[in-house]
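**Q** I'd like to ask some things about the structure below.
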Amino acid sequence: MANHPIDQELTSPAEEELTPREIVAKLDEHIISQKNAKKAVAIALRNRTRRKKLDPEMREEIYPKNIIMIGPTGVGKTEIARRLSKLCGAPFLKVEATKYTEVGYVGRDVESMIRDLAVISMNLVKQEFRTKVEETAKQKAEEALLDILLPFPGENKHGSGQITGFATSSTLADEEDRKTHFLETREFMRKKLKTGKLDDQEVELDLPNPSVSQVPMLQVFGAGNLDDLDNQLQNVLGDILPKKNKKRKLKIPEALKALEESEAEKLLDPDKVQREALRRVEEMGIIFLDEIDKIAGREGKSGADVSREGVQRDLLPIVEGATVNTKIGPVKTDHILFIAAGAFHMTKPSDLIPELQGRFPIRVELEKLSREDFEKILTAPCSSLTRQYEALLSTDGIQLEFSLDGIQEIARIAYDMNEKHENIGARRLNTILERLLEEVSFEGPDLPESQRKVRIDGKYVTDRLQGVIQNKDLSQYIL
């Protein structure tokens with residue numbers, strides 16, 4: 001293995017020793033209500049920390065307890081899993097169960113979700129490594145660019161783009177004087193580079209071509225059940241075909257960025273990154289399997305339900321523990337945490353095949369959102385919807401202010417609409433706020449300065465939404 005200028009240990013992000021109570025508190029910052037679901041995922045995450053502290057023999061025997069969340073759309077199922085993955089810096093993949101077909105049918109097989117998770121893990125580790133070496137890469141990129149702009153006589157490693165107007169000291173006889181003059185000129189160029197005075201200049205860089213694994217012509221094998229063949233072909237051709245550099249003409253800021261990426265790639269130890277990515281996907285990976293209820297066949301049904309049952313049977317070995325070949329090597333799925341979710345309007349969890357039910361031992365029912373929950377969703381989270389709209393419109397100089405009675409009226413309308421029509425949970429708030437703020441969002445940039453302060457109170461909400469609410473047919477399609 002080649003020696004690398006920087007050989008930093010790649011480890012997972014500093015995982016805090018969070019207790020289940022602390023995990024729930026962090027989830028509370030972003031998600032309203034759903035205490036039972038938060039407790040279940042908090043315990044699952046804490047058990048991973050506990051497992052790491054055991055001796056290797058016992059550690060191998062302890063498997064994650066997969067979770068199935070039951071509840072209507074828009075109550076926080078996906079958000080809980082997403083926030084959980086951010087807490088532990090784990091590779092996280094959200095997939096829809098309906099996208100997969102059983103082996104033998106046209107479409108993606110369930111093993112492809114593990115391959116996708118492996119790619120996510122690899123990218124996560126690479127990004128963390130690049131962050132660690134960012135300063136070093138910037139310094140090296142700056143020196144490389146200066147070598148191009150003002151090279152030593154006969155030296156130009158990356159490309160051409162020498163800027164004229166600076167003496168190359170051919171007229172200076174003394175070698176020491178020439179060197180001093182060159183260094184002074186180089187520092188002068190460095191100052192111009194840092195202050196942006198060279199941003200309009202163009203340079204020609206000799207940069208590595210994208211690897212053959214990224215060549216689009218091979219993606220014909222990317223569909224269906226041929227992912228393994230695709231990976232093998234790309235890996236083989238990547239080793240056989242020579243890697244060539246490509247000359248590109250770029251402006252200074254773009255050239256600097258390209259060189260930074262190139263230098264960071266040189267500092268990267270591929271074997272170490274691959275090992276860490278493999279460890280993380282096996283030990284920390286989380287797969288959120290949404291719409292699990294859509295592959296549950298109802299009793300007495302036939303036809304398409306046969307294929308649905310096939311997908312369930314294909315899921316069994318993946319959830320239980322299997323080995324899947326991926327781009328980063330064979331991945332064991334034994335300790336990947338699976339969180340399934342579904343509304344189960346037309347079906348119930350018992351409609352899943354018994355073997356799959358047994359592999360999701362923890363079941364959590366999420367509560368329907370109340371009017372008070374809607375009020376909290378609008379105001380409590382640090383990035384609540386009201387704060388998002390205030391920030392967006394402030395870029396046009398519009399000062400948006402939501403009063404308490406305005407918040408209460410929006411929450412009441414959202415709750416009533418969910419009761420009268422389809423219950424889409426908190427997503428109803430997005431629809432209502434877009435309709436409510438449509439006028440100010442459109443007219444805002446053209447308003448005079450005196451009219452750029454807009455107060456959203458109960459009367460404002462009623463005036464703009466009353467007509468739509470009263471018309472049942474209209475409210476069904478607009479709100």
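Along the chain as shown, the residues are counted starting at 1.
Placement of Cβ uses the backbone N, Cα and C atoms for every residue, glycine included.
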**Q** Determine which of Asp147, Asp290, Asp293, Asp314 appears in Swiss-Prot for the same ATP site as Ile32, Gly74, Val75, Gly76, Lys77, Thr78, Glu79, Glu355, Arg427.
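**A** Between Asp147, Asp290, Asp293, Asp314, Swiss-Prot records just one in the ATP site with Ile32, Gly74, Val75, Gly76, Lys77, Thr78, Glu79, Glu355, Arg427, namely Asp290.
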**Q** Between Glu79, Glu355, which of the binding-site residues has the fewest other CB atoms within 10 angstroms in the structure shown?
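**A** Result for the binding-site residues Glu79, Glu355: minimum number of other Cβ atoms within 10 Å at Glu355.
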**Q** By a simple count of other Cβ atoms within 10 Å, which of Ile32, Val75, the binding-site residues in the record, is least packed?
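**A** Result for the binding-site residues Ile32, Val75: minimum number of other Cβ atoms within 10 Å at Ile32.
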**Q** Which state, by DSSP, holds Ile32 (ATP binding site): helix, strand or coil?
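**A** Reduced to three states, the DSSP call for Ile32 (ATP binding site) is coil.
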**Q** Inside 10 Å of the Cβ of Lys77 (ATP binding site), count up the other Cβ atoms and send me the figure.
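**A** Excluding its own Cβ, Lys77 (ATP binding site) sees 26 Cβ atoms within 10 Å.
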